[in-house]
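According to TrEMBL, the features are:
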{"type": "DOMAIN", "residues": "B:2-160", "note": "domain 'Aspartate/ornithine carbamoyltransferase carbamoyl-P binding'"}
{"type": "BINDING", "residues": "B:SER47, B:LEU48, B:ARG49, B:THR50, B:TRP75, B:ARG110, B:HIS147, B:PRO148, B:LEU149, B:GLN150, B:CYS269, B:LEU270, B:ARG297", "note": "carbamoyl phosphate binding site"}
{"type": "BINDING", "residues": "B:GLU142, B:HIS176, B:LYS236, B:ARG273", "note": "N(2)-succinyl-L-ornithine binding site"}
{"type": "DOMAIN", "residues": "B:184-306", "note": "domain 'Aspartate/ornithine carbamoyltransferase Asp/Orn-binding'"}
Amino acid sequence: MKHYLSINDIDSLPDWVTEARELKKNPRAHRLLGAEKTLCMLFFNNSLRTRLSTQKAAMHLGMEVMVMNFGTESWSLEFGDGTVMDQGSAEHIKEAAKVVAQFCDIVAIRSFAGLKDKEIDAADVVLNGFVEHAAIPVVNMESSMGHPLQALADAITLAENAQKKRPKVVLSWAPHPKALPHAVPNSFVRMMQRQEADFVITHPKGYELDPSITKGSTIEYDQYKALKGADFVYVKNWCCYSDYGSVLNRDTSWMMTKGKLGQAKFMHCLPVRRNVVVEDAVLDGSRSLVIEQANNRTYAAQVVLKKILDSNP
Amino acid sequence: MKHYLSINDIDSLPDWVTEARELKKNPRAHRLLGAEKTLCMLFFNNSLRTRLSTQKAAMHLGMEVMVMNFGTESWSLEFGDGTVMDQGSAEHIKEAAKVVAQFCDIVAIRSFAGLKDKEIDAADVVLNGFVEHAAIPVVNMESSMGHPLQALADAITLAENAQKKRPKVVLSWAPHPKALPHAVPNSFVRMMQRQEADFVITHPKGYELDPSITKGSTIEYDQYKALKGADFVYVKNWCCYSDYGSVLNRDTSWMMTKGKLGQAKFMHCLPVRRNVVVEDAVLDGSRSLVIEQANNRTYAAQVVLKKILDSNP
Amino acid sequence: MKHYLSINDIDSLPDWVTEARELKKNPRAHRLLGAEKTLCMLFFNNSLRTRLSTQKAAMHLGMEVMVMNFGTESWSLEFGDGTVMDQGSAEHIKEAAKVVAQFCDIVAIRSFAGLKDKEIDAADVVLNGFVEHAAIPVVNMESSMGHPLQALADAITLAENAQKKRPKVVLSWAPHPKALPHAVPNSFVRMMQRQEADFVITHPKGYELDPSITKGSTIEYDQYKALKGADFVYVKNWCCYSDYGSVLNRDTSWMMTKGKLGQAKFMHCLPVRRNVVVEDAVLDGSRSLVIEQANNRTYAAQVVLKKILDSNP
């Protein structure tokens, strides 16, 4: 394996989940694997879980870590070909990526969708710029299009909590005051399509995700119908994809409640707005898996780093 | 010992001071104690001494350190119970604290007083939020109410410089252009109350600290009278406590001068405004202990981390 | 050697270049040299290459590293003698430098020219403040007046690519939308004056660098004449020195092109504005050395840190 850019870079999801759960039992087992190897983590956006868990995963493997808030600590980047750079941007991705690649062995990048221009976001210029120009493995710590470390942590959490071979898993849209990106639901959908599960997506009409991603997955507009018999409910807001970046409604009736959840386990990637996305009673109740999901971020990152280190000795 | 939140968490101040002075002689003596343990330092406010000395102390003990400017690098936190989070805050302390606790073994937190609402500051919501919801030891790197790492460093400095068994120590208010918190004087007073000393607090009328803290300590409004025969003078500005957060005066006559100091040693937690809080002649003179106080921040932090590691093997 | 403040602190440039090239072959050869030694990197300005390469160099030597954005994470500094500090600055360089020196073994500092007041910039108050008040070695990571880590990396790159004993090296001014400091050209000129080379500086009239630095070096105002027969062309913008900080022109005819470059190798310190300072065809062509220059930043920093560690066991 070279990069970890999306769920598609996982060759066998069950094998990776198994290996992550092994690492969780003995996180320092491979503490010599990363010796004299450096992970550089570049943040173009805020982060809590990703920042700490990825760092922790690298330290478990004995790696050196350099963390940088690229957006505030470095130079503003240009991505266009042939641009006359006489405006705000001081450095081109071509130079930045090549240069960073010389100071580390793996580069991990977080760069969110701007939610203003669908094509620009779809191009995922920061992540793909590093892939194109840096000669080293690149890890996606959430890009415009996906958050595959989160989805892998979700797969681990599902495996740890599943009582059936083929559980019913529902991805349920939730209201939110702000327009949020599609990265988390995109990767969750892609991951679920590789799981044995009865998978249903539910959201108000107009909130359809990118159809090229949801193709083949069931969409049910009636949340109550969708939730019926669910074993796991993954709640998440996202903004409108067709009228890109807009907030069509903040229909509070879509908030997840204890009543709607029933016997299902509750999942969310965090951070979560209490009593907007989901009510307190769910988060504070025994069916919530959100803290364990966050914990599994460490082992998701660790299996990814380990696979990369194994492939690049 | 679980947490280090205030001076009250010290079981025996003389023993801790002795141990810190031992660590100072051989800082790497326990370099294996923190192996495979991680300290996470979360800053909600600026820092120089605390940031570097606490990191250094952890490295002396062989710990891994993750430093994070929570305020700018993570999500804005909500602290209320039952809040409908449809405003600025993206994450609740309940989730944030539980999540952070999974990525480290000890969490250290700096979160200053806002000086707008006495009750909110008294609740010390950030620090206490982590104590309540994180399942790991919490270290106070200055909260609204106290700065016990500073006070412990001050105790070490007093012990190193005391010529008498019962020195006279004066805490003397100083003028300042801005309203400053009570954390440093609060912890210094609490620490002095556990020392064998002739301890006097002096400040203009109206600048009384929280009476529940100063209870039992001598307050003398006449600075000259207070300073008479002093062995140590600890100078510090703080804003009005009763008319919370206000600056009653900037009476320059309260500035510490070489003349007033006499034969006493000068102490201050730093940063200090020269020729406002204290004149150059004092800071540049031989009686100033401020640099050594800062140096002792490393050993104060180190004894705290060591005690916590010893109690949580 | 105590400090690394300017090119003048290099005793023998050929020996340092040779040693750096040895380190490049085996970067971890001295991985025990820095054990239990701490490098503190203080940034008052943005950085990409310097931040990552210096950290990497320190890790190669087994040092602990603490990185701090002093400007945003600490307190605003005062530099004047005798100032009544009742305005914006909360801490004096005297205290800050003495304090930092207690928490590390080497301090590295980046603080750019303000380009408003020539005398203030010439005083290099941040760097020299640390030199004066910190009792430990200081490394210049680009100050108002010089960028000697860059110039050392440039010397390594020249040595690696020179085909002649006495190559022709041209420093060629380039247009830029903003006023840029003189640090890079200053140090490059100083370094070239210690090289065996046919060295020419070319720029439009009015862009003369500090004459006390360029004294003895050839200045040729006709860029075409200057470039004739060049083996290496180092391109860089800087603002006017005599009318300090002003931008006299943005004459695009001074941009470096493939045609002008001819058979010469192209050098630039990065970040570089494409199609303003230099056209794409040069940067994307085979004669560009900019990525290797950046790579050599690691070994420049490493030889500096190694020399300091060797002198301060």
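Heads up, the Cβ atoms here are built off N, Cα and C, so glycines get one too.
Overlay of TrEMBL annotations on the structure.
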{"residue": "B:SER47", "record": "carbamoyl phosphate binding site", "CB count, 10 Å": "22"}
{"residue": "B:ARG49", "record": "carbamoyl phosphate binding site", "CB count, 10 Å": "28"}
{"residue": "B:TRP75", "record": "carbamoyl phosphate binding site", "CB count, 10 Å": "18"}
{"residue": "B:GLU142", "record": "N(2)-succinyl-L-ornithine binding site", "CB count, 10 Å": "26"}
{"residue": "B:HIS147", "record": "carbamoyl phosphate binding site", "CB count, 10 Å": "27"}
{"residue": "B:LEU149", "record": "carbamoyl phosphate binding site", "CB count, 10 Å": "27"}
{"residue": "B:HIS176", "record": "N(2)-succinyl-L-ornithine binding site", "CB count, 10 Å": "22"}
{"residue": "B:LYS236", "record": "N(2)-succinyl-L-ornithine binding site", "CB count, 10 Å": "20"}
{"residue": "B:CYS269", "record": "carbamoyl phosphate binding site", "CB count, 10 Å": "24"}
{"residue": "B:ARG273", "record": "N(2)-succinyl-L-ornithine binding site", "CB count, 10 Å": "24"}
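Considering only the binding-site residues B:GLU142, B:HIS176, B:LYS236, B:ARG273, the residue whose Cα is spatially closest to the Cα of B:ARG49 (carbamoyl phosphate binding site) is B:GLU142. In sequence order, the binding-site residues near chain A (CB to CB under 8 A) are B:TRP75, out of B:SER47, B:TRP75, B:HIS147, B:HIS176, B:LYS236, B:ARG297.
For B:CYS269 (carbamoyl phosphate binding site), the nearest of the binding-site residues B:GLU142, B:HIS176, B:LYS236 in terms of C-alpha separation is B:LYS236.
A Cα-Cα distance of 13 Å separates B:LYS236 (N(2)-succinyl-L-ornithine binding site) from B:HIS147 (carbamoyl phosphate binding site). A straight line from the CA of B:HIS147 (carbamoyl phosphate binding site) to the CA of B:HIS176 (N(2)-succinyl-L-ornithine binding site) spans 19 Å. By a Cβ separation below 8 angstroms, chain C lies close to these of the binding-site residues B:ARG49, B:LYS236, B:CYS269: B:ARG49. Distances between the Cα of B:ARG273 (N(2)-succinyl-L-ornithine binding site) and those of the binding-site residues B:SER47, B:TRP75, B:LEU149 are shortest for B:SER47. B:SER47 (carbamoyl phosphate binding site) sits 10 Å from B:GLU142 (N(2)-succinyl-L-ornithine binding site), taking the Cα positions as reference.
Non-local contacts of B:ARG297 (carbamoyl phosphate binding site) by the CB criterion (under 8 A, 6+ apart in sequence, same chain) comprise B:ARG49, B:THR50, B:SER53, B:THR54, B:LEU149, B:GLN150, B:ALA153. According to its DSSP assignment, B:LYS236 (N(2)-succinyl-L-ornithine binding site) is in a strand.
B:HIS176 (N(2)-succinyl-L-ornithine binding site) sits 32 Å from B:TRP75 (carbamoyl phosphate binding site), taking the Cα positions as reference. Taking the C-alpha positions, the distance from B:TRP75 (carbamoyl phosphate binding site) to B:GLU142 (N(2)-succinyl-L-ornithine binding site) comes to 20 Å.
The average pLDDT for the domain 'Aspartate/ornithine carbamoyltransferase Asp/Orn-binding' (B:184-306) in the predicted structure is 97.
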